[in-house]
Amino acid sequence: MSMNGKLSGSNCRLSANFRLKKAKETMHGPNSFRKWKRNLLFLWLLGFVSTGIIWFLLSFNSVALGSNKKTADSCEEKARILLQHFNVSKNQFLALASFFYESDQIAFLGCGKHSGLEKPWSDDVTCALKVLCPEKQDSRMQQVQIVKTMELKDQCPVQVENIHSEHDLSLLDHHTYVPQKSVSSISWEHHSGGKNILQGSAFGGQPKDNFKNLSFCMGKGCWLLLVGVILSCKIPGFCLKLRWKQKNEPAPLQPATQQLQLLLQQKQQQQQDQSPPKGAGKWRKKLLTVFVLLGILTSIWLFWHLNQKIILRREHTLANMCDERARMLQDQFNVSMNHVHALAILVSTFHHGKHPSAIDQKTFGEYTERTAFERPLTSGVAYALKVLHSEREQFEKQHGWTIKKMETEDQTLVQDCRTENLDPAPIKDEYAPVIFSQETVSHIVSIDMMSGQQDLENILRARATGKGVLTSPFKLLKSNHLGVVLTFAVYNKDLPPDATPEQRTEATVGFNCRYLGASYDVPSLVEKLLHQLASKQTIVVNVYDTTNASAPISMYGADIADTGLLHVSSLDFGDPLRKHEMHCRFKQKPPLPWMAINASVGVLVITLLVGHIFHAAICRIAKVENDCREMMELKARAEAADVAKSQFLATVSHEIRTPMNGVLGMLKMLMDTDLDAIQRDYAETAHASGKDLISLINEVLDQAKIESGRLELEDVPFDLRNLLDSILSLSSDKSNDKGIESAVYVSDRVPEVVVGDPVRFRQIITNLVGNSIKDKGHIFVSVHLVDEMKGTSDVGDKVLQQGLNLVQDMSSKTYNTLSGFPVVDRWRSWENFKLLNGKDAKDDPEKIRLLVTVEDTGVGIRLDAQDQIFTPFVQADSSTSRHYGGTGIGLSISKHLVELMHGEIGFVSEPGVGSTFSFTGAFGKGEVSSLDSKWKQYDPVVSEFQGLGALIIDNRSIRAEVTKYHLRRLGISVDITSSLESACTYVSSIFTTSAFAQLAMILIDKDVWNQETVLQLRSLLEQHRQNCKRNVSTNLPKIFLLGTSMSPVERSKLKTSGFVDNVLMKPLRLSVLIACFQEALGNGTKGKVRRKKISTLGSLLREKRILVVDDNKVNRRVAEGALKKYGAIVTCVERGHDALNKLKPPHTFDACFMDLQMPEMDGFEATRQIRSAESEVNDKLASGEASIEMYGNVSHWHIPILAMTADVIQATYEKCLKCGMDDYVSKPFEEEQLYLAVAQFFESG
Amino acid sequence: MWHGIDMCSLVYSFAFVPCACEHQGIVDDQFTQLRKLEDENSPHFVMEVASLFFEDCEKLINNMAIALEQKQGVDFKQIDECIHQLKGSSSSIGAMRVKNACIAFRSFSDGQNREGCLRCLQQLSHEYSLLKNKLQTLFRLEKQIVAAGGSIPRVH
C-alpha cells in the first residue's frame, strides 16, 4: 500500500495548499463556517478516495488470487492428465504382459511392432525390448524390466505382486541401463510436465502482471490528477494575486488625496480591466467541463477495456478448457482405438496366422475380458470374418450356426434379441458374421454385420481405408446410450502403408478379410473423462457428430440454454470421413464485471468529485473576484467621495469665510460708531458669534485637511513660554469673568527655544484649554520634559512632586492645587503612553520630548463618553455642548496634530472632579539666536530685573511655584513663605543680610491677603529702613497683590489706599509682569517695547529685475504694479516666446513670474525650454566650450521661475516643479505668500 | 464753507463707494490691494488698470457675443479662451461678480450649452456694466476731488 502512503503524502500537500488558499481567502472575508464546511468536504473526499483505491486494489488482488487458483487447478488437471497417460501406458504394458502369458516371443515381435503406436510414452521401453528380445529370448526378463520400469514410474505395487513370483532379481543388474534410460525418459517427462506447469503458472501470472500494470497506471493517473488539482488550485490563486498586484500597483503612486478626476479615470481604467477576469472565469469553466467530460469518457473507456479483457479471458479459459477436454477425449478415444487395432492385429496374427487357430471364442472372450480395463469406454469387442457367399455353407457348417441378419435397422428394438430368434441372413455376395465377441456382447456372434446399414458402410469403408472407421452415432444394443461402432479391417497380408484404396479393396477381395468391431459408449466416455477434470461444474460440454454439417447429431450432453459464449473444438477420432465437434459452454452466464464497474465508477466518482471541487473553487474565485471588483469600485467611489468631501469642505469653508469677513468687518465698523449700550451689546454679540463661526469653520477646514493628509507641520524655532503666555492671555478673558484661575508652568529643564510648529502647538493647547473652561476652579497648563517623568522616585520638579503628594495625601481637607479644588491624578493621564513605559532606547539627542498637561476642575467627562472623546463631532455630553459651545472636533484635531508631532495624547477624567489631558510631542532644540525677531521682544527688558529678589507669600505651594516660575524668567530670585506671619519672620531674619537689599518685591496672593498683617509687614519694613539709615537709597520692597478676579474699581481702591503698590491680575504673563514692575520700580526707562521691523518685501525686491510673463494685460499690469511697489524693476512680456528670448543667457533678470495658461506656449512649456537653454549654456560652461565672460560672469545659470496661478492645487504644484519651476504664487498676489516665495531666492543673496 | 462741505461729502463718497462695492460683492479684497498699490509714483494705477480691464472686457464680451451668434456652429473653444482671459483679468482687478459670472459661464461653455452661454453672457454684461458704473463713479469722484484741489485719500 505504498501508493496509499504516497497518496496521503500528496494529500498533505494538498491540504497545505488548501490552507494557503484559505489564508488568502480569509483576507477577503473570513468565514469560519465555510472553512469548516470545506474542511469536512475535503476530509470526506480524502476518505472516499483512499477507501476507493484500497478497495480497488483489493479487488484486483482477489481477482489475481482467483486466477492463481485457476492456475493451480489447471496445473492439477495437467498433472492428472499426465498421470492418466502414464496409466494408459502402464495399462498397455500390463495388457502386453498378460498377453504374454499365452503367447511367445515371435508373436510378440509383430505385436510389439504394431503396438508401438499405443505406447507413445515409452518408446524407449519398446526399443529396449526390441534390443533385448533377439539376444535373450527371454520374455520373462522383459517383463521384469517392464515391471521395474513401471515401478520406477509410479509405484504400482499390485501389478508388481502379480508378476513378481517368477523373477530372477540377479538379472536386473545386467540391464540396469534399461531402467536408467526409462528413468531418464520419465524424468524428462516430469521435466516437461514441470515446464508445462511452469508455463501454466506463468500464464496465470501474466494476468496478475497485467493487473499490476493496470493498478500502477491507475496510481499514476491518481497522482497526475492530484498534481493537476494542486496546480489548478495554485494557478488561479497565483493569477488572482497577479491581478491584484497589477491592480494595486498603480495605487501606491497616487496619494489618497488625489483629484476626483484622477480617481474617476482610475475607475474607468479598472472597469476596463474588469473584462479579462470574466473571460478567465469562462475559460476555467470550459476547461472544467472538458475535464469532466474527459473523466466520464475515461471511465467509460476503462469499463469497456476491462470488460473486454474479462470477456477475452473468459473466452480464453473456455477455449483452453474445451480444447483440453477435446484433446483428452480424442486421446482417450485414440488410445482405445489403438488398442482395438492392436487387438485386431493380435487376432489376425493368432487366429489366422496359426493353424489351427490359436484363438477360439473362449480365448478371445477371456482375453478381451481381461484387457477390458484398457478399453474403459468400449462396451464390447467383436471379431467378424469376411465370408463370401460361396463359402457361406462351409462356414456355417464349420461353426455350427447360420449367418443371421440383423433384425431391423433400428437398433433400439434389439433390446433383448436372441441370436436364435434372428432370421438367417439373406443371400448376399459376402457376409461378415461375428465369430468372436467379448462376453458383454456375446449375443452378436453369428450375426452378419453387413446386414446392418451402418455396419455395412463401416465395413466397406474400413476395408477401403485400412484404418479404424466410425459409424455415425446410434443407440447401442442393450444399453440405451448413444454410441458409435469402430470397425477395423484386418487383412490377410501385410499391405504397404501407402496402398491405395483399390489395392486395399482388392486385398480384401482377393484375400480373406476380417473385421474387428468395437462399440463405444460415447456418453459414458465423456462423462468419465469430465469426471476426471476439475471444474466440470463450470462448463457444459456437448459432443456432436458433424459429418453431415447441416444436421449435426448430438452424441453427448443435454441442450442447455445459450449462455453466450461457445467454443467449438474439433475432435479427430481417427476417421477422416467422420467429423466430430465438441461444443463447450459455461454453465453460468458471465457474472457482472464488478472489477470494471468498480474501476470505472471509481474514476467517475473521483472525476465528479474533483469536478465538483473545481466548480466550487471556480465559483468561489469568481465570487471573490466579483467581490474584489466591487470593493475596488466602492473604494474608488469612497475615495472620490472623500476627495469631493474635502474639496467641498475646503470650498465651502472658504466661501463662508469670505462673506463672514465682510460681516465681521462691518460689525467692527459698526461698533466704532456711536452706539448706545444695547446696540453695542447686540453688535458685540453678533461680532463674537461671527468670530466663533469663523473659528468653527477653521476647525472644520483643519479637520478636512487632516483627513486628506494635507496638513503638514512646520519646523520653526519659537519661545515656548511666550507662546503659552499668549495662549493663556487669550483664554483669560473668558476665564477671569467666571473666576477661574488659569496658570502656566514650564519646567526649568525645558529649553527656552524649541523648534516645531507654534501655530499647531498653540492650537492643541487652545483646544484643550477651551475644552476645559467650564465653571469653577482652575486651568493649569504645565510643560515638562518627558525624561522628568521617567523616574518617579527622584522628581526634582516641585509641581510634579506636588502632583504626587496630592495622590498620596488625599485626606487633607484643602487640596494643594491651584484653586484648592480637588483634581484628578495627573500621573494617570500619561500612564498609558508608550514613550514613558517603553524603554525608548533610540533617543535622538537633537530632539526633546515635551509633556504638556492641561489640568482643570470642570465637570469632567462622563465615563461612558470617555471612549469616544477623540472621535470627531462627538462631545462628552450633547447638553454640555449647547451649554458651553464648541464643535466637538477640537479634540479630534488635537489628537491628529499630536500624532503629527510624533506624540501621544491621553487623559484622565472623573465626573464632578475634573479632567487632565496630557500629550507629548517631539520638538527640536533651538538656539536663542535662531529665534525669529518677533519672539525676542522682551529681551532688553529682562536684563533690568536680573539679580533682584522677591518674596512670594502664598498658602498654596503649587501656586507659589507658578509665580516663582514667572519671576525666575525675569531673572528674579524667589523665596516663598506660606503666610504673612511667616513672611514677617522671614523678612526680619534677613534684615541684616544682603538678601534684603536685593529684595525688591513682595507678592502676596489674594487668598492670604489680610490688611492688618500687610500693614504690619509694611511697618516692619519701614522700621527697618529707618534703622539702617545708611542705606537710604535702597528702595523698600514693593508689595504686589496677586488676584484672579477683581474689578478695576477694587484694584484702584487698593492701590490708592496705599496697601499695595500694584495689583497683578492672573494669569501672570511676562509682558504684564514687566509692565507692572517697571511702573512700580520706576526704573526710569520708558520700557516701550521695541518692535523690530520685519524685513519686508520692499527690502527683498528692491532693485531686483523681474520678468512678468502673462498674456492677460490686466493681470500683467496688476502684477507689475504690485512688484513695482516693492521696488522691483519689472519688465513685462506677453507671450512665452518673448520670455524665452528675454531669458536667453546672458540676461540680467533676477526672477521670472510666469503665468501658466497662455496661448501658443503655456507656462510649463516655456519653463521647460528656458531650463533646457540654461542647461545647454551650463554644459558649455562646464566643459569650457564657452568662457564665463560670454555669459555675464555667471558660472551657473538658473533663474528662479515662479508660477502664477489662480488655482493652487497639489497636482498643479507638482507639475510646476516637474517642469523646472521653483515655486508658485497665487494670483492675485498676497503679500505674505509672495514674501515667502521670493524670500527663499533673495534673502540669502 | 460750502466748498469744505462739498469736499467732505466727496471724500466720504469716495471712501464709501469701494466699501459699498465690496459689500455688494462687486469687488473683493484684491481691489483694495490694488488701491494700496497706488502711491505718489503711480497715482492713477487703479484707473489705468481699470481702463485696461474695461477695454479688454468689452472686446472679449463682443467676441463672445459674435461667436455665440454664429448660426453654423458655435466655436466654444474660442469662447473658452475668452472666458479664461476675462476670468484672469477680473480676478486680478478683484471684480468678484464678473469673475463669478465667468465661472458660471465656463461651466456652460464646457457643456457646450449655447442657451446657457447666452444667458451667462447677458449676466456677464450686466455685471460688467455694474462694475464699470461703480468704478467710473469712483474715478469721477477722484477726478472731482483732484479738481477741487483735495488730495486723494490713500488706502494703507
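Just so you know, glycine gets a Cβ as well, placed from its N, Cα and C.
Bear in mind that TrEMBL entries carry predicted annotations, made automatically and left uncurated.
For A:287-304, the entry in TrEMBL reads transmembrane segment.
According to TrEMBL, the feature domain 'CHASE' maps to A:355-583.
Per TrEMBL, the feature domain 'Histidine kinase' maps to A:651-925.
Counting residues of the domain 'Response regulatory' (A:949-1081) by DSSP class, helix then strand then coil, yields 74 helix, 27 strand, 32 coil. Sequence annotations record features per position, and here TrEMBL assigns domain 'Response regulatory' to A:949-1081 (among others).
Shown in sequence order, A:Ile952, A:Ile953, A:Asp954, A:Asn955, A:Arg956, A:Arg959, A:Ala960, A:Thr963, A:Leu1041, A:Leu1042 are the residues of the chain, 6+ apart in sequence, with a C-beta less than 8 angstroms from the C-beta of A:Asp1005 (4-aspartylphosphate). If you look up TrEMBL, you'll see A:Asp1005 (among others) marked as 4-aspartylphosphate.
Residues or ranges marked as domain 'Response regulatory' by TrEMBL: A:1105-1242 (among others). The domain 'Response regulatory' (A:1105-1242): residue composition by secondary structure is 66 helix, 24 strand, 48 coil, according to DSSP.
The annotation 4-aspartylphosphate is assigned in TrEMBL to A:Asp1155 (among others). Its Cβ placed at the centre, A:Asp1155 (4-aspartylphosphate) has 25 other Cβ atoms within 10 Å.
Note on the domain 'Response regulatory' (A:1105-1242): mean pLDDT across this stretch is 80.
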